[in-house]
Amino acid sequence: MKKEVIIALDFPTLEKTLEFLDKFKEEKLFVKVGMELYLQNGPIVIDEIKKRGHKIFLDLKLHDIPNTVYSAVKGLAKFNIDILTVHAAGGSEMLKGAKRAMTEAGVNTKVIAITQLTSTSEEDMRKEQNIQTSIEESVLNYARLAKESGVDGVVSSVLETKKIREQSGEEFIIINPGIRLAEDSKGDQKRVATPIDANRDGASYIVVGRSITGNENPEERYRLIKNMFEMGDKYVE
């Protein structure tokens, strides 16, 4: 499986989003459209990004009763995006329904389950979610549920990736957000790592936002991170 960097387009407006994408000229990217961008601007965001030939990870983190998620995914299938996220906490019937909706629509969109957010610490999880286990065990449990329910993969931090890979096999997609370079600030993420860490532990994709979008030269920073992720421990500055 080819390793790819997904750029998080965490912009509030379509105008700022397209202004950023136009800096990459002919380069075809894999980009993440999150709730802020999609809900504030609507489906036109998807249309404009697709017009430019970029792949889309629509990160809506759907979580509702199975029939509602099935119907929502059926509606989103018409965009023929590359990846869509749902919450593993929605349970097996919800996960199965989301995957079934894409299959029935005849599209190849990958359905990926969110495990624990990288902004969640173990203390947060125990106090606020009342899950009295380690965060690693919680993530591995959600990953097992996702695989058994037939979805294509999970989103997790790098910290759990190696064990998910061992548990779920080589074809299972693992997406790591919370990726930073050593000199970057953590922002609101708590469980973070570098592109080289993600490569070493077996991630399929990494999601990088501010490290690229907030850089004075985003094209150069993107290529640096791409090289680091593709080469892993073989990367030499």
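Quick reminder: no glycine exception, Cβ is built from N, Cα and C everywhere.
Copied from Swiss-Prot, the annotated features are:
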type	residues	note
ACT_SITE	Lys61	active site, proton donor
BINDING	Asp10, Lys32, 59-68, Thr118, Arg180, Gln189, 209-210	substrate binding site
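Taking all protein chains in view, 21 other C-beta atoms sit within 10 angstroms of the C-beta of Gly209 (substrate binding site). A Cα-Cα distance of 14 Å separates the residue listed as 'active site, proton donor' from Thr118 (substrate binding site). Here the recorded positions are Asp10, Leu60, Lys61, Thr118, and the one ringed by the most other CB atoms within 10 angstroms is Thr118. The Cβ neighbour count for His63 (substrate binding site), using a 10 Å radius over every protein chain in view, is 16.
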